[in-house]
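S.K.: Pasting the feature list from Swiss-Prot:
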type: REGION; residues: 1-66; note: region 'Disordered'
type: DOMAIN; residues: 186-232; note: domain 'F-box'
type: REGION; residues: 267-306; note: region 'Disordered'
type: COMPBIAS; residues: 276-291; note: compositional bias 'Polar residues'
type: REPEAT; residues: 358-395; note: repeat 'WD 1'
type: REPEAT; residues: 398-437; note: repeat 'WD 2'
type: REPEAT; residues: 439-475; note: repeat 'WD 3'
type: REPEAT; residues: 477-518; note: repeat 'WD 4'
type: REPEAT; residues: 572-615; note: repeat 'WD 5'
type: REPEAT; residues: 616-655; note: repeat 'WD 6'
type: REPEAT; residues: 658-689; note: repeat 'WD 7'
Amino acid sequence: MDAHELSFRDGHGSSTSTMKDECASEEKALYLPGDSSFASVFGPSETVEDVETGPESTQDKPHSFNTQKPIREKLAGKNVAPFLARHIPEQYAPLGSQTGQPVEISSANSKYCYRHRPDLKCRRQADEPTMDKLQRSDQQGIAHAWSIFSAAPAKHRKLILQGIMAQCCFPQLSFISATVRDLIRIDFLTALPPEISFKILCYLDTTSLCKAAQVSRRWRALADDDVVWHRMCEQHIHRKCKKCGWGLPLLDRKRLRESKREIERRAATWDVSEQPAETESNSATIDTAASGSKRKPESDKEDTAMVKRQCTSIVSQSEQNEDYFKTRYRPWKEVYKDRFKVGTNWKYGRCSIRVFKGHSNGIMCLQFEDNILATGSYDATIKIWDTETGEELRTLKGHRSGIRCLQFDDTKLISGSMDHTLKVWNWRTGECISTYSGHRGGVVGLHFDATILASGSVDKTVKIWNFEDKSTCLLRGHTDWVNAVRVDSASRTVFSASDDCTVKLWDLDTKSCIRTFHGHVGQVQQVVPLPREFEFEDHDVECENDNVSVTSGDSPAASPQAIPGFDAQTSDTPSSAFGPAFDDGRPSPPRYIVTSALDSTIRLWETSSGRCLRTFFGHLEGVWALAADTLRIVSGAEDRMVKIWDPRTGKCERTFTGHSGPVTCIGLGDSRFATGSEDCEVRMYSFQT
């Protein structure tokens with residue numbers, strides 16, 4: 001036996017062997033490893049001399065591959081057969097050895113592989129087209145090698161792999177590396193439970209989610225599910241996302257709240273088989289209006305009921321079971337898509353403009369809801385418009401002087417005039433229901449919330465009207481016209497802005513002033529409480545590169561009024577900062593307010609501390625009109641310009657021009673805003689399309 005054969009049988013090649021010798025030994029190693037390797041895996045076996053005892057024994061012949069091949073085939077069969085019979089008895093057990101009872105496969109060989117689909121076992125079919133090109137004897141050898149590896153336990157597999165790779169040359173190792181790079185990739189969303197998959201997907205942004213939906217049908221079912229997109233809507237709609245900085249227009253809060261419990265249930269009971277096919281464009285779904293669509297649950301009787309998704313209006317009888325929490329709704333992904341489109345239009349100023357003309361004098365107040373717009377003018381009339389068509393629906397006449405303020409809801413419209421009166425109208429019919437006379441001067445500001453109406457007047461007072469018990473009260477403290485009032489029924493407080501350059505916060509229970517805000521050096525025209533969802537971080541005050549607005553450091557903090565039993569030094573919580581009346585669980589007033597004045601500035605205040613957090617500079621003349629939500633502030637001024645501001649950074653994002661007179665009033669919605677001017681026109685900017 002020569003040195004090369006000894007090296008092959010021992011499984012150790014010489015370090016000085018040529019590539020040709022390595023490749024020659026490679027073919028032999030592929031067919032059957034050395035005896036020592038077999039002994040290490042399958043235990044001691046008979047020698048070649050014990051097997052071949054006939055006259056054609058190879059003891060006197062050279063140990064070439066051709067003479068060794070029949071010997072190795074018999075040796076492989078004798079050594080491999082018991083191993084395969086032990087691990088795969090249903091395929092390799094001798095005939096007659098089975099008793100008719102099904103033989104269970106070893107649990108070690110029946111485990112599912114985490115890398116492949118859970119319904120497929122680790123063993124895979126051979127590459128049949130490639131195998132057909134080989135000789136039958138080679139096919140048998142390769143099949144034996146695959147069978148051994150497939151039947152081997154995990155620790156044996158590692159040992160076999162180590163032995164194979166130890167005999168591989170660099171081209172083969174390179175092939176292994178390239179192949180493993182693809183095989184090592186796992187479909188983790190398929191392997192994981194749905195609730196964990198949803199948790200992972202909720203960390204992705206919208207771009208990554210859309211890419212994930214293109215991987216496979218199952219990934220699309222998971223990535224497009226309402227569980228993921230409802231979370232995305234909660235994170236971005238009506239607020240600024242802290243991660244990406246994006247904020248989308250307002251969606252009906254009630255819909256988000258009603259859907260949250262359903263979404264949580266669906267995440268725990270999700271089944272890909274329940275996901276419907278892609279909805280046709282003409283399927284009957286409840287569309288989303290400009291302010292967002294609503295969801296009304298048809299059944300909510302059991303807290304532990306299973307949730308089943310139903311996107312179309314055709315509900316089969318079996319799906320009307322009370323055990324299911326059913327809703328018909330528009331998918332949250334489509335809702336997010338529409339809101340994202342509107343948000344992008346806001347960001348880049350893409351909008352359509354509709355102009356409403358009809359008043360004969362300057363427009364002083366306006367409000368719009370859905371497709372209804374109401375405007376009040378110095379011509380002593382109120383006009384109702386259809387915002388979709390631009391048509392004037394009706395004109396409300398009754399006041400004897402200019403209309404300075406108005407507000408409407410589904411049932412009524414209340415207006416205030418310089419004729420010292422307030423009127424309640426049925427705006428759908430144009431009928432004047434009642435007239436209230438309580439001020440000694442013109443009514444220039446009003447606001448109602450629930451059953452409380454507040455009005456501000458030229459007579460320097462704020463009057464509170466209670467619709468429920470028909471009571472009224474007068475709040476005195478301002479020394480000049482009261483231009484604007486805002487009621488917060490939850491905390492039972494009222495804000496008022498006056499020409500005396502101050503803003504006051506009133507307690508409706510004690511009929512007293514809680515706090516006065518000082519800082520403006522011009523007549524304060526508007527005060528707007530920000531929604532409670534608005535969040536303002538301290539580091540936002542110290543924003544760098546703020547070329548438009550600066551923090552007001554020279555204005556004094558708001559001064560709390562003298563309240564018996566109230567110590568400002570010991571009041572460190574937001575509730576106690578407003579006095580002892582707010583210590584018993586009573587809701588606090590809105591945390592932030594914005595004000596505008598004829599000093600050409602807008603200010604953002606923290607009500608609990610009275611600090612002016614930011615002053616917005618940009619208008620050239622006095623700011624008459626102001627509106628705000630959680631995403632933006634809109635202002636109109638004597639300089640005929642309308643500006644859009646970011647309340648967190650103070651940056652002026654965009655300026656709109658077009659009016660030929662001072663901008664006196666503004667209405668703000670999630671996808672549009674309207675401005676009124678002394679030029680007798682109303683301009684509505686829509687970002688929906």
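Glycine too: its Cβ is placed from the backbone N, Cα and C atoms.
Since the structure is predicted, the reported quantities are computational estimates derived from the model, not experimental observations.
Describe the structural surroundings of these features, if you would.
M.R.: The repeat 'WD 1' (358-395): residue composition by secondary structure is 0 helix, 23 strand, 15 coil, according to DSSP.
Away from its own ends, the repeat 'WD 2' (398-437) comes close to residues 361, 364-367, 369, 372, 374, 376-382, 384, 443-448, 453, 455, 457-458, 465 of its chain (Cβ-Cβ under 8 Å, at least six residues beyond either end).
Cβ atoms under 8 Å from those of the repeat 'WD 3' (439-475) belong to residues 401, 404-407, 414-422, 481-489, 494, 496-498, 506, 508, 511, 513 of the same chain, restricted to positions at least 6 beyond its ends.
Over the repeat 'WD 4' (477-518), the average per-residue pLDDT in this prediction is 96.
Same-chain residues lying 6 or more positions outside the repeat 'WD 7' (658-689) and placing a CB less than 8 Å from one of its CB atoms are 238, 249-251, 290-292, 342, 345-346, 350-357, 359-368, 373, 375, 377, 385, 387, 621, 624-629, 632, 634-642.
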S.K.: Against which stretches of its own chain does the repeat 'WD 1' (358-395) lie, if we need a Cβ under 8 Å and a gap of at least six residues from its ends?
M.R.: 289-291, 401-409, 413, 415, 417, 425, 427, 430, 661, 664-667, 669, 672, 674, 676-682, 684
S.K.: Do you know the DSSP helix, strand and coil residue counts for the repeat 'WD 3' (439-475)?
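M.R.: The repeat 'WD 3' (439-475) comes out at 0 helix, 23 strand, 14 coil.
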S.K.: DSSP helix, strand and coil counts for the repeat 'WD 5' (572-615)?
M.R.: 6 helix, 16 strand, 22 coil
S.K.: DSSP on the repeat 'WD 7' (658-689): how many residues come out helix, how many strand, how many coil?
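M.R.: In the repeat 'WD 7' (658-689), the DSSP-based counts are 0 helix, 18 strand, 14 coil.
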